[in-house]
Amino acid sequence: MSFIVEHAKQAVTDKQTNVVIFSATAIALYGYDQGMMSLINTNNDYLSTMGLEEESPVVGVIVAVYYLGCAVGAVLFSMLADKLGRKKSIFASLATASLGNLIMFVAGMGMLGKSTEIALGVMLAGRVVMGLGVGGIDAVIPTYSSELSSDDSRGKALAQEFQSNIFGLVMAFGVNLLVTILLGKQNQWAWRIPIIVMQIYPVLLMAVVERLPESPRWFIFHDRQEDAKNALNDIYGDEGKEKLDELLEQHEKEKDVKVGYLDMLTPGHEQFHPTMVTVMCQVNQALTGYGAVSVYGPQIFELLGFSVRNSEYLTLGNYTSYFFLMTLAWLLIDALGRRQLMIQGSIVLSSSFALLAVFGGLAAKSDSIDIPVIIPGIIGTVILFVATGAFGIGWLSTVWLFPTEVFPTTARAQGTAISVIIWGLANFAITFLTPVLFNNLDYFIFLVFAATNAFAGLWTYFYLPETGGRTFDENMDFFKEAGETGTWRVGKVRKGEWKKMLYDDPEGEGALSDSPQDSDIYQSSYLGGEHNIDPSDLPQFTQIWNASFNADEKHWARPLIHTLSSTGRQIVFTASTENRIRTFDAETGQLLNERQVAPPWPMDQAFCTTHVSKTLGIMGTPVIYPEDGNEIAFFYVKSYIENYREPGGAFPPLNSVYYLYGVYLDTLQDLYKYPMIIDGQPSDNDIRKTFLGGLVLQRPALLLLGDVLYAGFGGLCDAFNYTGSVVAVNLATQSTYTWTTQAGNTSLYNDDWTAWHGGGAGGIWQAGMGLSSDGKDVFFTIDNGGGSTATTLDVTPKEGRKPLAVLSETVARITLDEASGAGIKLVDFFRPSDWQTDSGQDIGSGGLAILDNSIFKTMNGKRIGVATSTNPKMYVTEVDNLGGYLQGKDGTDGILQTIALEGEVFGAIGSYPLEGGYIYVNPGNTALSAYAFTQNASSLFSFAGKSSEPNGHWGGAGLPTITSSHGQSGTGIVWATDVQAGLRAFKAVPVNGTLVELPLPKVEGAVKFGRPVFGNRKVFVVDGQGRLIALGKRLK
């Protein structure tokens, strides 16, 4: 769908949309001129009026002087834009272009046609005057448009505008071809009509320019804050106040910095580097050769062996294809980035021109080598169509975007003007030389363009930073860092951070900087390198926003971060013990939606008033699932139904139930056929054991594996007759499967579920850590309960592949067999040899972390998993052979390694699969510790270092989470929470046995077993007061 159709669907009052449409129409004027001259140059009446032959170099001069006018106009109207405003400068540019067009139209008419010399002089004057106006348009419009676009859509906006540039090109050539066919090449109106038709653009635009908003940045630069406020409110609505604060803060930094053209061209000045990159962008665009293709399109097809008229038809087809392929440019430019498009575009263009040289040569020699000229002609045409599309996608709008993104407000107009000047001079040279090269090199001209495109691609790779998805300030940071580093090579500035986009692919499943679930499915706790947080950023971190909640409301479920495909906005999704769900804007903290999905269960009815809060509601971390582009959050809700199982309420827990909710993230409204009640389902491994939501607590984070959602359930304050359960729901069919940790005749509660047995056993709790998976099966740990003595356990040695029926203090692996109807089956397990009944010192306080097999593996390549216990120990085992019970030598554990720890660990380990590999544990009352991966015969991990300050609470430390900056060595950060110490960050690699702490803004404590989550350049955590805190670098 073209951008014209897209914007037609939006409200006409959308000021940003109106600016894009206006700017696009203005840029179309420039495209119209390119298409207009391509056939005028071959009109016989035009050539005779000017006193020229078709091969005369003056034909190229007439075309080329326009670009000289553009260069001068860029300077003049940029100065006017800074002094009088963007809108007034745009109006003056349009008026000048209109005047120049009229002068061209009357060249050779009446008194102006007395001689060919006068006609030629008038035409040259008209071309220069029109160039002045178009140069102003090309300099001011991109600046104006970018100043009214958001950071993550600047590229799209400008690419849409340049798609209209191609529309102008197609329109001009179409009008030209139509009147040429109708009137012939001997008729003066066949070249005058296409010229005068161009008046549509400036006249229409001058009529509407006053209705558009002035640039708020220009108002602030001229100390007109009230006008800036009104403009921002007009453009952004409720967000206008925040935008104003950002612009004022930026202006304070820039107001004393005066930048002139001479400064920007002086080596050593801070604006010299971005200016030279801007210059080279335009030089390289000219070297692609597409200015020549646009103006001399028919002649190129003639080189491929086509007749004059067929060449004109093919040129129109090429331009039309060009227009539609430009849609890909505005779809990709903010997704893949400017650098990537330009580099890939150069590769395609260089290859295409090399092939065109071959097929152009075959066409020229078709008679002598006895092949039909149509064969190389058709192949060459396809290649030229592809090359034209590659230029449009990779090189047309990107080079114009760059100067609007890297200069401060005080230099932005000058930077764009310099860009236009170089564009004008470079295209003057190319369009002047192209006819000469055509006449002397024939098809060998394509080899010249193949070489120049290769140069453009290589230069871009080494020296052009990626500016997409970054703020103006962040892009200017590149040049500051480059100056401090002493190199212009992008790959050597801050470990190549500017080689990539910050905002990667926000389609469908969300941007890579999202956190749509608890850790990854492996529970490795390494969240990759796409959150764009470097250790060097942390000193600039500040509290960006916070959200407070009801006094008794707790957030045990971790927040989730997701970028909505419908709006491109990154949001924070929260769920609480009061069954309230909310969404916040990740950038601003603005509350977007709020809903209480069901009444929570009061704690006083649970006979348990400690540990949690006054209500029980959503406790386990939800998961976000994209379905057909609709993002859905799934989560378990604890609520109640009056008199559901216990009329009269003598035993209230039996009236408590669990619901599985699915809500759309953008509206928080229920998904069709949701909520589902999860209650009364018989267990697949013992049909006597039905799932009773009133007796259990859903605490572990949810696991989404394909279309199947897994949830673990354990004890509620270690009371009632609970046993652990896993519930799996196929979201596509809503088929439900349950499995219990207590199966068989020797298990608990085979007689009466409602009888009081003093407690339960075999719960799945994991301190809130999610169930893990190897991509097929599901892994978790089972605790030893608290209070019950009714469990009978098999204490004889047992292989893991011959599973037990009654499980306690165990690492378990299950599989779901839907095809045969068997449901959930236990397929492997590990129980420590020193397990202890009813001690609270168990392996169930943290789940199994499955480590990255590309780094962490045994000597024979087996995958490694790690579990912890509050014993306190760390158990290292094979994922595909957990170890069973008493399977080692002399009745020991049959696992890879057991590591004694200093303190009790809840929530398992974190891992870092870079720089050799490390794992981390965060015990209560002791220090965060790191273990290096050694992979030798005696041990896989050895102690590497610990933090200098211990945690301040015995049992509330959260499991470590690790990030990096795009996977670059030296950028790993270990994040850890403690109930008293709050959020802390450390360099991932210990230095001389110490985990070096990094500076962070103070966070007042943390929720028990909490873990931070990450968005784009931000970290979110729930503090000890129950507030949601957002930390990061404040955007400008």
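Every residue number used here counts from 1 along the chain in the order it is shown.
Quick reminder: no glycine exception, Cβ is built from N, Cα and C everywhere.
Annotations in TrEMBL come from automatic prediction, not curation.
Small disclaimer: the values here were computed from a predicted structure and weren't measured.
Here is what TrEMBL records for this protein:
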type     : residues : note
DOMAIN   : 19-468   : domain 'Major facilitator superfamily (MFS) profile'
TRANSMEM : 58-78    : transmembrane segment
TRANSMEM : 90-112   : transmembrane segment
TRANSMEM : 118-141  : transmembrane segment
TRANSMEM : 162-183  : transmembrane segment
TRANSMEM : 189-209  : transmembrane segment
TRANSMEM : 313-333  : transmembrane segment
TRANSMEM : 345-364  : transmembrane segment
TRANSMEM : 371-396  : transmembrane segment
TRANSMEM : 416-437  : transmembrane segment
TRANSMEM : 444-464  : transmembrane segment
On average, residues of the domain 'Major facilitator superfamily (MFS) profile' (19-468) score a pLDDT of 85
Please determine whether the transmembrane segment (371-396) and the transmembrane segment (58-78) are in contact (criterion: at least three Cβ-Cβ distances under 8 Å, sequence separation 6 or more).
no
When only pairs 6 or more apart in sequence are counted, do the transmembrane segment (58-78) and the transmembrane segment (162-183) reach 3 or more Cβ pairs under 8 Å?
no
Determine which recorded stretch among 90-112, 162-183, 345-364, 416-437, 444-464 has the most C-beta pairs below 8 angstroms with the transmembrane segment (118-141).
90-112
